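Here is the structure we will look at.
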Amino acid sequence: MTTTTLSPLAQKTKDAPKAELHIHIEGSLEPELIFRLAERNGVKLAYDSIEALRAAYAFTDLQSFLDIYYAGASVLLKEEDFYDMTMAYVERALADNVVHTEIFFDPQTHTERGVPIATVVAGIERALAEAEQRGLTSKLILCFLRHLSEDDALATFDAALPLFDQYAHRLIGVGLDSSERGHPPSKFERVFAKARAKGLKLVAHAGEEGPPSYIYEALDLLKVDRVDHGVRSIEDPALVTRLADTRVALTVCPLSNLKLCVFDDLTKHTLKALLDEGVAVTVNSDDPAYFGGYVNENYLATIEALRLGDDEVYTIIRNGFEASFVTPAERDAMIDRLDAHWRASA
Ligand code: HPA
Ligand code: ZN
């Protein structure tokens, strides 16, 4: 076994308290757990071994990933499946010193297989309540699948209405994910207006594969509080200035962008350029079981590829707390913890 020595900055980053703001819980499902749940639930998979499934994780774009991601999620049927999946993520997050996480889930992926949204949320919530006892706070964000119709999203929103009340401490927002190209944010203006009227937080994937105009639509039509990915904003200088001035954060996922060929090499990633322009970028894992790393692996790969310095890494970690959907007092307490760690480490 080889042991790699980490640079002092890499070590300090690994040990630092961090927030994660872009993680699809279904994307944390590791192949081993997919097979265990498939067996438990009698679900037949298109792959006959863990190795065969893992070998299929050679993606060429977002859609090639989504096809496998939805197949993986097909093993989730019962409350305890959602609990087990979430608990496995909680363990990885705690190991990476994540102290606060804001988790996406895709109810339509499950309701179309006959699993009620209440079952999905109950299982996730049970794990997150336990995580809270172990020092990991969290929020939950319900995402609409953009390849489906807005009417479908509206029906999903209505079905989830009692849950927004029952789980008001956890379920605090809505988001938009799945196939971006050809499904602009404007398609979901009405459902986001309803969510806004209910006082929910709003986020949307935009500018991952889609053009900067999708980021403008997310800001101007959906009125999002954060943009997920948003890396293609760099193509539009006026948009970069606007993002920097308004401090609307981008939840960037470097290893995801690499695996889905948004950039052909991590050294070409636009995160540092956006940071230099004053945009509130954060680092996150997206779908860690599929993209080769949880939060710390995303930080370490990015530090190395983009040669980030101490102040830059501090700013990115701090941005994660600044952009989180917690109370000002909770945010300040997390930043105090970060500052104490950062000062104490060389
Ligand atoms: N983009 C869009 N949809 C998704 C993603 C992503 O990176 N991960 C899970 N659903
Ligand atoms: Zn995502």
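Cβ coordinates come from backbone N, Cα and C, glycine included.
For 17-340, the entry in TrEMBL reads domain 'Adenosine deaminase'.
When other Cβ atoms within 10 Å of the Cβ of His205 (Zn(2+) binding site) are tallied across all protein chains shown, the result is 30. In the three-state DSSP reading, His205 (Zn(2+) binding site) counts as strand. The annotation Zn(2+) binding site is assigned in TrEMBL to His22, His24, His205, Asp286.
Under the heading active site, proton donor, TrEMBL lists Glu208. Taking all protein chains in view, 24 other C-beta atoms sit within 10 angstroms of the C-beta of Glu208 (active site, proton donor).
Non-local neighbourhood of His229 (site 'Important for catalytic activity'): His22, His205, Ala206, Gly207, Glu208, Leu250, Thr251, Val252, Cys253, Asn257, each in the same chain, at least six residues away, with C-beta under 8 Å from its C-beta. Among the features that TrEMBL reports, site 'Important for catalytic activity' is placed at His229.
As annotated by TrEMBL, substrate binding site applies to Asp287. The C-beta environment of Asp287 (substrate binding site), restricted to residues of the same chain at least 6 apart in sequence and closer than 8 Å, consists of Ile23, His24, Glu26, Gly27, Ser28, Phe65, Tyr69, Ser256.
Taking a Cβ cut-off of under 6 Å from any atom of ligand 1, the recorded positions His22, His205, His229, Asp287 reduce to His205, Asp287.
In the three-state DSSP reading, His229 (site 'Important for catalytic activity') counts as strand. When the recorded positions Glu208, His229, Asp286, Asp287 are checked against ligand 2, Asp286 have a Cβ within less than 6 Å of one of its atoms.
A sphere of 10 angstroms centred on the C-beta of His24 (Zn(2+) binding site) encloses 28 other C-beta atoms.
Within 8 Å of the Cβ centroid of the Zn(2+) site, not counting the listed residues His22, His24, His205, Asp286, the chain contributes Ile23, Gly27, Phe104, Asp177, Asp228, His229, Thr251, Cys253, Ser256, Asn284, Asp287.
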